[in-house]
Each structure stands twice: as structure tokens, then as C-alpha cells.
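Q: Here's a structure for you.
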């Protein structure tokens, strides 16, 4: 059955690269789950093996964080923050700075996919009312959501996976990754401002474009309190997935929002992608020849553990198959990476997602959501900003990681 596992593996990661199957309305998640299903039905992978390959902790943590993030939407927190930014950022340059700061900060404490999905339509409406071209601000949002999510182990799916797989301490990681995240956010602002510096058209805000029926003020504090409680629990010697699930259950207690609406906010497609990739990659990594090859590299000291090697691999693979599939693949092949290497992998794989449009799910979310609002952002539009932002931020992060972490 080795040949069938290898075929399923190759087809799956080709699917990650192209994003679907021509002529069929299927996506990356379907491809991964379909390949895993073939392995199960053929007997190439047993149900017991499948359970071993799944990282239940990472899946549970991601699921719980999605539920907590949904509270920000239901409480009107996203709308309130956008409205606040619209009122106080009088000049376009300040508005751009606010977008970068808001996207980066929220993505450090929430799953960045959800932040991007919630903020994109709100920004489109605000910017249109002010007569500003939404494109630079939306580019800044996508790039900032990726850059800001570097700072913590709960900022994006790949960091969640790395943190769970390596048992990384929440605050130790944040101390190591906060500086690269701040540097990357600074680079995002500087590059976007420089590229669009002659295109700003100043128009002061009028009546807020995002004003809508807002919940009671006290209700809007609920997500903030939940997030603070979550971070405090992460400081305790208690499994992160259980802490997040406990907070999610409490958050769903509401007199105004039905619990099923929280479940509807969960990105089931992303969870299915994780499950499919866990199974296919786990089966491939268990092939004796693959195991022997990985072991020989480990014994020979040839693992891609250096900051430079991980940066190069991340930049190439994240923009071929996506940063989440890349991280699952690398951890499946080399689960014994050191703590310093795992920190570098989390930082570099996330920053590499800013290089091209296909490098990160966040980029695709912003572009697709903007399209529904009538704003077009193409591959070239994104690359024009994403390439310099990525190269500069990865260079700065590499220097920091080499000196402060790997050294």
C-alpha cells in the first residue's frame, strides 16, 4: 500500500498548490479529506492509525478560539473599533496607521482569519464614504493580520499547531516573537505608505459609515474580558485547549445570541483541511523509507533547523502549498525539531505568507471579501506590496531570531 499512500500524498499537496480541481467546485479541504478517505477505505491506513495521526489538542484549541472570536462579532466590538478609528483618524496616513495597529493587535489575541473576515467589509464601507481608495488599506489589513499574528501562539492556525506539537510555553514564545511582529507591522505601514504616498486624497470623516444598532455598552466588554481570562489561563500549567474550551462555553452563555449562531461562525472548512492533512501527512511520514530518511538526516545533523534554512523553506513552500500545509508537512516529517527551531518556524512561516496572494488564507479572505464589496485586488496588486514587506520583515526577523533565540 506504500504506492497508494505516496500517490495520495502527492495529489494532496499538488491540490494545495493549485487550490482545486479544474471543472469541479472543490477546494483544498475537499482534496485533503478525499485523499484521507481513500487511504481509510483502501486499508492503507487503519482507523487506529488515523486517530494517532490527528492532533486533537490543536483541533480543539482552534475550534474553541473560533467560538471566542465570534463573540467579538456578536458584541459589536469590531464595528465599534472601526467606528472609533473612523472618528479619530482624520488624515489618511493616520487611518492607515490605525488599520495596521488594529489588524495586528486583534490578530495577536484572536485567530487572524476571523479578524480579517470581520474587518474587511467594515473598512470598505468606511473608506468609500470618505472617498478614499480602499486598496492600500485592505492590503495593509491583510499584511498586518499576518504580521501581528506572529506575536502569539494563538494568532493563526499554524502557530496553534506548532505550539501544541512542541509544547511551547505561551509567554516564552511571545517574548521571542513580539519583536519580529512589531518590526513586521512597522514594515507593513512604511511600505504601504511609501507606495501610495502620492495617492492619498484627504477627506475628513462625516457620519460614520459603520454605524448600526449597537449592543449595550456592557455587552461589548464581554469579549475583552473573555480574552483577558484566556490569556491568564494560558499562564497556568493547564492544557491550553481545555482553557480555551472552558472560556468558549462561558462566552456562549447569552440572553441575546442563540448558541447555534456561535457554531455557525466556526470555520469548518479550515478544520476539515487540518484533519485531512494530518491523516495524509501522518500516513506518508510512517512509510519505513521516509522514516529512515528523516532519521538519517537527524543523526547526520542535517535537519533544516537553522533560521536561514527555515526562512528559505518557509518562503518557498508557503507560497507553493500554503503555510498551514507546509507546517503540517514539516512537523510530520521532523517532529523532533528543537524549541528554538519551532519558534523560528512559527515566525518565518507566518511572515512568508505575506509574499504572494496564495501564501496565506488571510490574504484570500480579504481579497474575496473585498470583491463582494466591489473592490478588486489582483495578484499583482498584492505582490507589489507583499514581496517587499515579506523580504524586509523576514530579514529583520532572521537577525533577531539568530541573536536572541538561536544564539
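Each residue's number is its place along the chain shown, starting with 1.
Every residue, even glycine, has its Cβ placed from backbone N, Cα and C.
Unlike curated entries, TrEMBL annotations are predicted automatically.
In case it helps, TrEMBL gives these features for our protein:
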DOMAIN    25-332  domain 'Citrate transporter-like'
TRANSMEM  29-46  transmembrane segment
TRANSMEM  53-74  transmembrane segment
TRANSMEM  94-124  transmembrane segment
TRANSMEM  136-155  transmembrane segment
TRANSMEM  170-194  transmembrane segment
TRANSMEM  270-287  transmembrane segment
TRANSMEM  307-333  transmembrane segment
TRANSMEM  345-366  transmembrane segment
TRANSMEM  386-406  transmembrane segment
Q: Given the transmembrane segment (345-366), which of the listed stretches 29-46, 94-124, 170-194, 386-406 has the most Cβ pairs that are under 8 Å apart from it?
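A: It is 386-406, which has the most Cβ pairs under 8 Å.
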Q: Any contact between the transmembrane segment (170-194) and the transmembrane segment (136-155)? By contact I mean 3+ C-beta pairs closer than 8 Å, pairs at least 6 apart along the chain.
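A: Touching, yes - the transmembrane segment (170-194) and the transmembrane segment (136-155) meet the threshold of 3 or more Cβ pairs under 8 Å.
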Q: What else in the chain is close to the transmembrane segment (386-406), if you only count residues 6 or more beyond its ends and a Cβ gap under 8 Å?
A: 139, 143, 147, 150, 176, 179-180, 183-184, 187-188, 191, 306-308, 311, 315, 340-341, 343-344, 347-348, 351-352, 354-357, 359, 363
Q: Do the transmembrane segment (29-46) and the transmembrane segment (270-287) share at least 3 Cβ pairs closer than 8 Å, excluding pairs fewer than 6 residues apart in sequence?
A: yes
Q: With a Cβ cut-off under 8 Å, give me the same-chain residues at least six positions beyond the ends of the transmembrane segment (136-155) that come close to it.
A: 61, 65, 95-96, 99-112, 115-116, 119-120, 123-124, 127, 162-163, 168, 170, 173-174, 177-178, 180-182, 184-185, 187-189, 192, 195-196, 199, 230, 234, 240, 244, 346-347, 350-351, 353-354, 360, 362-363, 365-367, 370, 375, 377, 381-382, 385-386, 389, 393, 397
Q: Can you tell me the mean pLDDT for the domain 'Citrate transporter-like' (25-332)?
A: 88
